[in-house]
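What TrEMBL annotates here:
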type    : residues : note
BINDING : Lys255   : ATP binding site
DOMAIN  : 20-278   : domain 'Glutamyl/glutaminyl-tRNA synthetase class Ib catalytic'
REGION  : 1-26     : region 'Disordered'
MOTIF   : 23-33    : motif ''HIGH' region'
MOTIF   : 252-256  : motif ''KMSKS' region'
Amino acid sequence: MNSPGAPSRGAVGTSSRDGRFAPSPSGPLHLGNLRTALLAWLFARSAGAGFLVRIEDLDPGRSRPEHEAGQLADLAALGLDWDAPLVRQSERRQLHRAALERLRADGRVYPCWCTRAEIREAASAAHGPLPEGAYRGTCRRLTAAERADRERSGRPPALRLDAGAAEVGFEDRLHGRVEQVVDDLVLWRNDDTPAYNLAVVVDDGDQRIGEIVRGDDLLETTPRQLLVQRLLDLPAPSYAHVPLVLGPDGSRLAKRHGAVTLADVQAVRGWEPADALAWMARSLGLAEDGERVTPALLEERFRPARIPREPTTFSG
Ligand code: GLU
């Protein structure tokens, strides 16, 4: 359901241009997350498309209903609206499972017992076309005896996609052509939850998302998602990976940078949500210094081609 501050604009899911914001409810959103949400909203609304919010609450250890409520309240406080239905990934396990089974039936799934340390070690010893840190397919090459041995250990495996070292490319609206050899990504985690790269593709497909706008820290996950999309016969949306907000030390904005959430900047700087929106708008070249703006005004001014390509710094 929409929150009271975020009235719906009507039926969604009919347009193939619909956009979305997909936060993980593992903590409060900071100004960087909120600026990405604003951009996703602007891309969708300025094109007359629907805008959906999907709560990516698959990680049972980190997701909290109070964070979800806080995140939605912050979006509404900025004046961003979204269309029904609000979706929670945790309620869509069956869809994720069905996709996994389909890939399994196609012979593309294998169990993997590798620990993080083993993956790191194999990656550092390897050469070839796969990007740094990629999974090198250790468990794909296990002999039957080795596999039986691991099965007997009783340690639950993760399930990986046999990506066949596919090279996948796409045209990002801001970054241009991106091409990458895809590694054998995890589809299902060994704690029995769907992995992000599977769930996000299944849900974007099911919700008929036409345009994915998200932070450019996720750029390198996209070829993986495109491969999964392809294997599941889902339509490929367009993508715009937008620049991030950084802390003063040049790393991605985070809690440790200080007062970075809407509540923090209110407490520390006396900023109302409208002041935070004005800061975001200025950082995107959509407002003058000191100018008050509304989402509707920004929607009029917004031109996707003109958004800055460089990250912005915020000192919390
Ligand atoms: N849930 C992911 C995050 O909060 C975003 C996923 C996406 O936009 O594709 O980082």
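Think of each number as a place in line: the chain as shown, counted from 1.
Cβ atoms are placed via backbone N, Cα and C, with glycine included.
Shown in sequence order, Gly27, His30, Thr261 are the residues of the chain, 6+ apart in sequence, with a C-beta less than 8 angstroms from the C-beta of Lys255 (ATP binding site). Sorting the motif ''KMSKS' region' (252-256) by DSSP state (H, G, I as helix; E, B as strand; all else coil) yields 2 helix, 1 strand, 2 coil. Within the motif ''HIGH' region' (23-33), the DSSP-based counts of helix, strand and coil residues read 3 helix, 1 strand, 7 coil.
For the motif ''KMSKS' region' (252-256), the model's average pLDDT works out to 95.
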